[in-house]
Structures are given as structure tokens and as C-alpha cells.
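Undergrad: Sharing a structure with you now.
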Amino acid sequence: MRILFFGDVFGRPGREALAYIVPRWKEAHRPDCIIANGENMSHGAGISERSIEALLSAGIQIITGGNHSFEGKNASALLNDSSLPLVRPANMPSDAPGRGFAYFGIKNGKAVSCEDVEDAAILVINLIGQTHMRYHYPSPFREADLILEKTIASGAREMHPPIFVDWHADVSSEKVALGWYLDGRVSAVVGTHGHTPTADARILPNGTGLISDVGMVGPHYSVIGQEITANLERFVRQVPKKVDVAPAPPYEINAVLLDIDDTTKKTTTIRHLRSILEALS
Ligand SMILES: [Fe+2]
Ligand SMILES: [Fe+2]
């Protein structure tokens, strides 16, 4: 199975860049499954019906989340709508809206969540870090154990679909540590939230593909997606300032392309893809 995963899609520039690049990279790379982190897809923070629709129309099949998943007018209702291919971080209070992991089958180019593991093409798990986050989330390490106990405890690993983890965390040590913790137990641990790509894409000894951070899809002249001048005011003069989504072009697009062996469910290649576009034409 070949997975194409885009990092945090930031506001309108991120959605525009995806609409441009997904058909082209589909053609070039022929992925079986296309996933994107959508926590910033609506106005740079949060989700909305329109932004979900924009990502699905662009060709994204599954949308993962992060600390901003709950922002947006109807975010809770959208997260609770199991007909939408959404997941949000799993290590959260049990009554938080939405779901932290889900099996998806791919039918006619669309991902449909399914109860029966035999119908599933992939298990997607979303986890959030504990370091430098606003809230004190429960342990993502223990949550991963619990999810894996529930999902692959019965039956051989070979019979189970690939397991993809969107690992939404801030600190590189914590991010790499989860990769080692899950090495051999999941197909890939792919970092999001940083918005800046890291150059450490690799396959761990037991076959788990790992990258600390994929990077974002959004405005290139920005501070991790946000407008530059207001951000400088905040950092230089330390004056609280509302910051907007930065304008684009230029756009930057960051993704990873993973090949997962159909028998072993191990990653055989992981490649970071990055494109800076002056115009979408
Ligand atoms: Fe983000
Ligand atoms: Fe985030």
C-alpha cells in the first residue's frame, strides 16, 4: 500500500495548494490512500463543513487532527459525524467529541469508516503530545498500548491492515521516542504540529516508518502559516497580538510518501516531498 500524507493544512492557502497539487501527485505517485492533517484547515485553526468539503474535493480521503480540531462553529458535531472521514487525537478525555482512531475501507476513491477489520484498508490512529501543549493530555504512549490491545490483540499482524499514526506533538525528543516505542507495532509514525519539516525520515529496525515532522501545506512567506508582521510584534515587543493567516503565493507543500509491504505491514520506503510554488498554474 502506498500512502500519501500531507502535514497541517493551513487556512485558505493550504486548501488552495492542496486542490492544485493532489491531482498532480496522484498522477505522479499513484497512492492508494491520501491523508492530510486538517487541524488548521479553517482560518488557520479549526475545522468547518466548508473546509472538510474542500479537502475531500481536492482528493484527500482521511483527515486527521490535533490541538485545534475542536475549534470552529460546528466542530463537535462534525467530529461526531461518523460518516465523515475524521479523527482527532485519541489521548483525550473519553467524552471529548469525535474518535481517536478508526478503520477505513477505500471504495470508489473515497474512505469509508468500517467496523469490521476485514473490510478495512487501513487503521488510522491520531495521538497528541504532552510537552509544550496547552492542556495536560493523558499519556499518548499508554493510549497507543490500549488502542493496539483493542485492535490487533486477536489475530495475526499479517491479517491486520497497515496502521498509520499521525503523531501531533511539539518536541522532537518526545516525537522520536514514540517512534521507538511503537517500532514494529505500527506501520508508520508521522509527526505533525510543528509546521516546519524535519530531515529525519527513516525506517526503524523493526519496520516502522518515522518522521518527526512532515511540515505544513500553507503560505510560504509566513511564521508557520501566520502573517509575519503581527508575529514579529508579538515576539519582538512581546505585545499580545491577533494574528491572521499569511497571504499566498508563494505556497509551500510538505508531504510524505510511504510504501507499506502488503504482507508484513512494515514500511519499505519513506520519502519526504516538498514543493514551493510561486503560482498555482
Ligand atoms: Fe498545526
Ligand atoms: Fe497543532
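Placement of Cβ uses the backbone N, Cα and C atoms for every residue, glycine included.
Curation plays no part in TrEMBL annotations; they are all automatic predictions.
Residues annotated as Fe cation 1 binding site in TrEMBL: ASP8, GLU39, ASN40, HIS195. Sequence annotations record features per position, and here TrEMBL assigns Fe cation 2 binding site to GLU39, ASN67, HIS168, HIS193. TrEMBL lists HIS68 with the feature active site, proton donor.
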Undergrad: Out of the binding-site residues I have (ASP8, ASN67, HIS168), which ones have their Cβ sitting under 6 Å from ligand 1?
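TA: Correct list: ASP8.
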Undergrad: Quick check: of the recorded positions listed here (ASP8, ASN40, HIS68), which one has the Cα closest to that of HIS193 (Fe cation 2 binding site)?
TA: ASP8
Undergrad: Could you check what DSSP calls HIS168 (Fe cation 2 binding site) once collapsed to helix, strand or coil?
TA: strand
Undergrad: Where HIS195 (Fe cation 1 binding site) and HIS168 (Fe cation 2 binding site) are concerned, what is their Cα separation in Å, rounded?
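TA: Distance between the two Cα atoms comes out at 11 Å.
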Undergrad: Of GLU39, ASN40, ASN67, HIS193, HIS195, which binding-site residues come close to ligand 2, meaning Cβ under 6 Å from one of its atoms?
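TA: Checked binding-site residues vs ligand 2; flagged GLU39, ASN67, HIS193.
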Undergrad: Select the closest residue to ASN40 (Fe cation 1 binding site) from the following recorded positions, measuring between CA atoms: ASN67, HIS68, HIS168.
TA: HIS68
Undergrad: May I have the list of same-chain residues other than ASP8, GLU39, ASN40, HIS195 whose Cβ is within 8 Å of the Cβ centroid of the recorded Fe cation 1 site, in sequence order?
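TA: So the extra residues in range turn out to be GLY7, VAL9, PHE10, GLY14, ASN37, MET41, GLY44, GLY66, HIS68, THR192, HIS193, MET216, GLY218, GLY225.
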Undergrad: Would you count the other C-beta atoms found within 10 angstroms of the C-beta of ASP8 (Fe cation 1 binding site) for me?
TA: 30
Undergrad: Roughly how many angstrom lie between the C-alpha atoms of the residue listed as 'active site, proton donor' and GLU39 (Fe cation 1 binding site)?
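TA: That separation, Cα to Cα, works out to 5 Å.
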Undergrad: I need the neighbours of the Fe cation 2 site defined by GLU39, ASN67, HIS168, HIS193. Which other residues of that chain put their C-beta within 8 angstroms of the C-beta centroid, in sequence order?
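TA: Near the Fe cation 2 site, beyond GLU39, ASN67, HIS168, HIS193, sit ASP8, ASN37, GLY65, GLY66, HIS68, SER69, PRO89, ILE128, ALA169, THR192.
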Undergrad: Just name the winner among HIS68, HIS168, HIS195 (the recorded positions) by count of other CB atoms within 10 A of its CB.
TA: HIS168
Undergrad: How many other Cβ atoms sit within 10 Å of the Cβ of ASN67 (Fe cation 2 binding site)?
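TA: I count 21 other Cβ atoms within 10 Å of it.
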